Structures are given as C-alpha cells and as structure tokens.
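Asker: I'd like to ask you about the structure that follows.
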Amino acid sequence: MGKDMEAGTEFAAKDYSDPPPAPLIDPEELTKWSLYRAVIAEFIATLLFLYITVATVIGYKHQSDPNVVGADAACSGVGILGIAWAFGGMIFVLVYCTAGISGGHINPAVTFGLFLARKVSLIRALLYMIAQCMGAICGVGLVKAFQKAYYNHYGGGANELSAGYSKGTGLAAEIIGTFVLVYTVFSATDPKRSARDSHIPVLAPLPIGFAVFMVHLATIPITGTGINPARSFGAAVMYNNNKAWDDQWIFWVGPFLGAAAAAAYHQYILRAGAVKALGSFRSNA
C-alpha cells in the first residue's frame, strides 16, 4: 500500500484523495434539495437524541430518589454508567443513520470544527446549528410533555456546574471533553485512514459513540457533561432555571474552543497541513 512520500516539499504516491475544501459561502447550495434534506436530518436526529437521553436522566433521578424508593435508592435505576451509555449509544445509532445524508453532526461544536477545517460551508454550518438547537428544544419539550410530574422536580436534564467546582474547572472539562469528541470525529472520517483501512467508514460511528460515552463518565460529576451546545441550550430553554442560564456560557465557549483546538491539531499537526501549505507556497515562489 502506498504511503505519503516526502522529498523536500513534495508529497507524492498518495493512495487516497482529500476532498476539495468547501467554499466559505456557496449561494448555489441554497437551491439544492440535498441541503434541506440534510438540515431536516440534523433536526430529527437531535430531537431523538435529546428525547432519549434527557428521558433517561429524568427516569434515573426518579428511580434513585430516596423519598420515593427508600433506603436502597442508590442501587436503583441505570446509574451514571447507564446515562453515559444512553448518550454514547444514541450518538452511535444516530451518526450511523444520518452520516450518509448530513454527515451525522448532531452537535454545533462538531459542525463548527468541520467548518473550520473547510469540510462544510458557512451556510450549511449555520443551518445545521439552527436545526440542531431547534431539534434539541423539541426533543426536551417532548420529555417535559410526557413526564410533567417529574421534569421540573428532577432538574429538567439541564447542564449546570456542580457544587464545589469552579467555573474554570467546568470550562476546562468542556474544552477537553469536546476536544476528545471532535478529534475522534476527524480521525474516524479521515480519508487517509479510510483508504488504507476499508472498514473505517463502516465503523466510524462506533468510536464517535464511545468518545461520547467516555467523556460522560469523566465529566458528569462536574458539569453533567455538555460537549454539545444544542443539548445544553435545548434543556435550558425548556427548564428555564436561573442557574442553568447563568452557567450556559460554559456550554458554548468550552465546546467551541475544544472543537477549534481539535480541528487545528488534526489539520495542521497530524495531517501536516501547515507544512504542505508552506511547501506549496515555496514551490510556487
């Protein structure tokens, strides 16, 4: 199997091809049904994601409530491990279902990272983010409608900084957690790996889902785990609690910084984008 051959500034004998960078703004894209189909897919996927995961959170808190269950409440419900599985498992399922239509972003931070890497245009990125946030609101709205008795009582599945942690710690947790997720997305969908390991495109949703699962295990005790601004925003809108809104900035700034760092690391360090760009500049000089 051929490999990158570096001789000075020349790269040759590639056995894969990188897709051309997406245009920054492509007005013609607005005339294509494929864009709107992808936006609808992102909306529905995020709706389903929030419905299942927030319902799991509310259900667990009710099942483990000592005032309801009694002395053995701590052993009731799915536990934090089950919540992490719900988030990771749903991402695996939904990325698998929508990857061929929209790319399976289901997260404004993922969309932002891919936009910075020129994988999607600005127009597509903005429409995706709007669809994801609206889908999140609708998904949490369904949970609130179906579980009125428990929704507000058990926190509405909203992300908030846990007691005992500083805002800096919460922000760092969101940055690092999102870095892990977006770095995994880039690695799992890298055309360079896909060319040499033909099973990678088929299995791509699996490592992405596992990344979400592992990050939840680490950060649920700190922030409830955001790493997805749409997830945090949708829950905050429906719960509408002062604490959730006061901490909301953490769940936007952290994921966007983490996504930007992951995009830069993958594109310019692992894929040597800066070196190749410099080589191209010198060869044209």
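Note: Cβ is positioned from N, Cα and C throughout, glycine not excepted.
Not measured: the values here are computed from a predicted model.
Dumping what TrEMBL says about this protein:
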type: TRANSMEM; residues: 39-60; note: transmembrane segment
type: TRANSMEM; residues: 80-101; note: transmembrane segment
type: TRANSMEM; residues: 122-143; note: transmembrane segment
type: TRANSMEM; residues: 170-188; note: transmembrane segment
type: TRANSMEM; residues: 200-222; note: transmembrane segment
type: TRANSMEM; residues: 249-270; note: transmembrane segment
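Walk me through where these features lie, including what they touch and how far apart they are.
Answerer: Below 8 angstroms of C-beta separation, residues 22, 24-27, 29-30, 35, 38-40, 42-51, 54-55, 58, 102, 105-108, 111-112, 114-115, 151, 156-157, 229-231, 233-235, 237-239 of the same chain, each at least six residues beyond the ends of the transmembrane segment (122-143), sit close to that stretch.
Remote same-chain residues near the transmembrane segment (170-188) are listed as 107, 109-110, 113-114, 117, 161, 200, 203-205, 207-208, 210-212, 214-215, 218-219, 222-223, 225-227, 247, 250-251, 253-259, 261-263, 265-267 (criterion: CB distance under 8 Å, separation of at least six residues from the stretch ends).
Residues 80-81, 83-85, 87-93, 95-96, 99, 104, 161-162, 165, 169-170, 173-174, 177, 180-181, 184-185, 187-190, 193-194 of the same chain, all 6+ positions outside the transmembrane segment (200-222), place their C-beta atoms under 8 angstroms from a C-beta of that stretch.
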